[in-house]
Amino acid sequence: MIKFLNQILKIHNLSYSTVTVSNPLRGISTSGTIVKSAMFNLKEASKDQVQEFLNSFDTVLTDCDGVLWFFNNAISGSADTMNYFRKIGKKIYYVTNNSTKPRSEFATTAAKLGFVACPEEILTAAFLVAHYFKGIQFNKKVYLLGSHGIGEELEAVGVRHIGVGPDHVKPDVKSTKLSELDPEVGAVVVGFDAHLSYPKLLKAATYLASEQCLFVATNTEDRFHRPNSIVIPGTGTLVRAVETCSARKALVVGKPYSYVRKYLESIGLNPARTLMIGDRCATDIELGVRCGFQTMLVLSGVTSAEELAKLKNAKTPPLPDVVLPKLGDLLSLVC
Ligand SMILES: [Mg+2]
């Protein structure tokens, strides 16, 4: 473990003196196998241990930004590693909380960056919302605070929706009458909506005043991760606004909540033989822990080596099972 910490600190030019190592043997069991939540550095593993790791899962779920690409630039070696997973027979799914685009658009974006991906392999929070409504055979209308990505996914499963786009503020917004609302609405869905407005909050809260009205959200991140830039409020900001004015709690289907496990089970995949790869402990690794997946953290995105060392010292879950500086490093361990 000391060697492991030295390695990740070296990558990020950090000082070892900031880290306390409580158990230098943590990460490898007495039998030499990789153990859960141990932050085992795969670069320190033997060939047999790497092979054991690869044999331990059939399905790979991967986050995208920070693992495969960063600001629309592919991260070196990530595409080759994903191709390797495919070559050795792993099922692959790209998991993203972005709800602004339909899966087909994501597949096109991934292909432009060099990743093999078909729409069926893209699990967006928008797709999971649609899967949820399909599963409960929802036959009413959705009032949608979101963008066309969710709208198209809902339409693909035959769910009608209203609300996408601007809803301008009238001079006397509080004079809105109940008769202006659609009596067919039976659910409110909140995703990323650049057109959020007071009238939309008013309508969402009014629909949700009925206990029969379902309340579903894509994800709850406070903000988008854009260092040294303007602060871009995330979907969580919108979800909390609707939760506040409706006095209701949303069912959240995106990371780190565990609805994706239900989806995998619905198509016959085994969560216990699934690996979740991510760059952020609070969403990606948390998702893996909640779902009973194996987890791999890569240090090419949000969670830095320094933050990981702090989490470890504080023994603050969720901690990943294995760690690599970047996903592309896996190839050099197997080839
Ligand atoms: Mg990420």
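Backbone N, Cα and C define each Cβ position, glycine as well.
Annotated features in TrEMBL:
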BINDING   Asp63, Asp65, Asp279  Mg(2+) binding site
ACT_SITE  Asp63  active site, nucleophile
ACT_SITE  Asp65  active site, proton donor
BINDING   Lys255  substrate binding site
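Listed in chain order, the extra residues whose Cβ falls within 8 Å of the Cβ center of the Mg(2+) site residues Asp63, Asp65, Asp279 are Cys64, Gly66, Val67, Leu68, Gly278, Arg280, Asp284, Gly301, Val302. Looking only at the binding-site residues Lys255, Asp279, the densest Cβ neighbourhood within 10 Å occurs at Lys255.
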